[in-house]
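Before any comments, here is the structure.
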Amino acid sequence: QQSNVTSYGATALAIITLETFAGTWINTFIICVLCIAWVKKKTLNSNEKILLLLGCSRFCSLCISWAYSFLSVIYPNYLYVHTILQLVLFFQTFFNHCNLWFSACLCVFYCIKIASFRNSCFIYLKGKIDRIVPWLLLGSGILALALGIIAYNIANKPHCNNRNSTAQGNFWEASIRMDKHLFPSFFLLGFGYAASFTAVIFSAVFLLFSLWTHKRKMQTNSMKNLSMDAHIRAMKSILSFLVMYSINFVCLVLNMVYVTKKRSHMTFLIVVFQYTFPGVHSLILIFSNPKLEKALLKILLLERSVKCKVC
């Protein structure tokens, strides 16, 4: 039975490592392109600021999650040394919520910047959105930090520091007993998911309604090409995020349901998707952003030309 647990953990770690490598590479690409543009232009627009912080938070989230998975499979005893588990849970909660809220800020930004309504409040927000974005990002970071501190305090309770229950090879049983006491942290994560998910849903609905009304009132093809393309590009990004966000929210709920199932296939699939989400959505953002897409195509073409010259 111990060898089966070890084999299961090694297989999960191998798949998680591949997904983490792909996700970190994609987000590193976003960070590098935006940082180079920042150095050249000496400034970034609001969209690029959100994308830069989102890429950084996803990169850190993937690294912290991979470190947790690595320790839980290879060195499970070290994970239960005092403060290590608490710090891992703090950083996981912080970067996960930064990821969620920065993504929601991006959807809200697309909605306000591109949608066209005659409401005076919406027109005011449209004119002030570039000044509002830094405060949205700051508020998201503060909220994520507060939830991270709460998660740290939950993990710091005595029932989470039982070192005698973590013998080598019994990580799965020990983690199940510990996770039963960490249900409050799951509900904190669920609160972050639900609040940001609501913002994404409203952004998608408003932008879709704006696209519908704009299409009805359109008169010339030139206006249609300029505005319709912006609407459609934003809708692709928001809807793709909405679909993945919905699946990710379902995975969070299933994770709480299957937390007591030892070596469950459903738990394995949930973990696999949660590691896939940051990389796949970042890849969608690259192809929905002309600057990032152009930079990626340049790199691919350069690599292809180098290979042809070598051959």
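Using the three backbone atoms N, Cα and C, a Cβ is placed for every residue, glycine included.
These figures come from a predicted structure and were not determined experimentally.
According to TrEMBL, the transmembrane segment annotation covers 12-39, 51-75, 87-112, 132-155, 186-213, 234-259, 265-288.
Touching of the transmembrane segment (265-288) and the transmembrane segment (12-39) is concluded from the presence of at least three CB pairs under 8 A, sequence neighbours closer than 6 excluded. Taking Cβ pairs closer than 8 Å, the transmembrane segment (87-112) reaches residues 46-47, 50-51, 53-54, 57-58, 60-61, 64-65, 67-68, 71, 79, 122, 125-126, 129, 133, 136-137, 140-141, 143-145, 147-149, 151-152, 154-155, 182, 185, 188-189, 192-193, 196-197, 199-200, 202-204, 206-207, 234, 237-238, 241, 245, 278, 281, 285 in its own chain, all 6 or more past its ends.
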